[in-house]
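Over in Swiss-Prot, the protein carries these features:
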| type | residues | note |
| --- | --- | --- |
| ACT_SITE | Tyr51 | active site, proton donor |
| BINDING | His114 | substrate binding site |
| BINDING | 213-276 | NADP(+) binding site |
Amino acid sequence: MSSGRTVTLNTGYKIPQIGYGTWQAAPGEVGAGVFEALKVGYRHLDLAKVYGNQKEVGEGIKKALAEVPGLKREDIFITSKLWNNSHKPEDVEPALDDTLAELGLDYLDLYLIHWPVAFAPGADLFPKSEDGSEVQLNQNVSIVQTWKAMTELPKSKVRSVGVSNFTIEHLDAVIEATGVVPAVNQIERHPRLPNQPLIDYCAKKGIIITAYSAFGNNTKGLPLLVSSDEVKAVADNLSKKQGKTVTPAQVILAWSQIGGHTVIPKSVTKARIAENFQEVELDDEAIAALNKLGEKPQRFNIPYTYKPRWNINLFNTEEEKAAAHTAVIKL
């Protein structure tokens, strides 16, 4: 997979397949990470209001535009996301304006609905129930209403709009209601969660997939994918065959791009930022070994298990069966 490879969105804009993710990037690190990524050659940045670091990301972008020879704003594909407390239609454009102000930018390349879940409106990103154990949901606004507001955002402020963490049911509903197909669906995806029915649906509809948590995570007591024996064996095997060092991270990122998908690894160390951007080709044996990991699917990001709990069933996993609510698709 080529580090400079792009795919074309249904809006006609090109999105680089490898992006630089900023989730869980600590203040004091993320600005330097963004600068380093742009210096190395990344041209796709993935951000969100809820990450709490957009101001610093904006400073990293500004520094890169000033110091990386020839780099212009239009060379960088910048994604951000609408947070759950701003799902009321009248709150959508002000939330976009707030993100643009934090970043010091005039426009975004892509704006996503972060989750198909509305929280109680207001300044608090995580409004809590009285006892603090749950996030306060707003069941009086639907994802169809929010999506309609997204599609009506001025093109001068955002070039393409999309969604994140949407299932086939959610996508069907917003497309049917508005006739507008999201440009992107950003989802948890890795060899342990291949999610083939959703991938096939999005391919049929012309929706590009962006994978987050590409390396998995260790919330379930499982090792990170990059630390798993199976992925290490694939990397070792490819290293011998290709006569160069192939790392487990590069293996996962190459797998994530098969079929024209995009992926947004996060790192704040210079060596890893560069390593994640290197081109690696997988052979059929490597792909088969990685696909085997998905025979028993494992999802890591389940809001019902978060603290405070989101009392909502989004993905119909065993963990969510006790949830009191589902996504409000339409009212």
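Note that Cβ sites are derived from N, Cα and C of the backbone, with glycine treated the same way.
Features as recorded by Swiss-Prot, highlighted on the structure.
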residue	record	Cβ neighbours (10 Å)
Tyr51	active site, proton donor	19
His114	substrate binding site	20
Ser213	NADP(+) binding site	23
Asp229	NADP(+) binding site	8
Asn237	NADP(+) binding site	16
Thr245	NADP(+) binding site	12
Leu253	NADP(+) binding site	27
His261	NADP(+) binding site	19
Thr269	NADP(+) binding site	11
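In the three-state DSSP assignment, the secondary structure recorded for Thr245 (NADP(+) binding site) is coil. It is 18 Å from the Cα atom of His261 (NADP(+) binding site) to that of His114 (substrate binding site). Between the CA atoms of Asn237 (NADP(+) binding site) and Tyr51 (active site, proton donor) there is a gap of 37 Å.
His114 (substrate binding site) and the residue listed as 'active site, proton donor' have their C-alpha atoms 11 Å apart, to the nearest angstrom.
Calculated from their C-alpha atoms, the gap between Thr269 (NADP(+) binding site) and the residue listed as 'active site, proton donor' amounts to 19 Å. In this structure, the CA atom of the residue listed as 'active site, proton donor' is 33 Å away from the CA atom of Thr245 (NADP(+) binding site).
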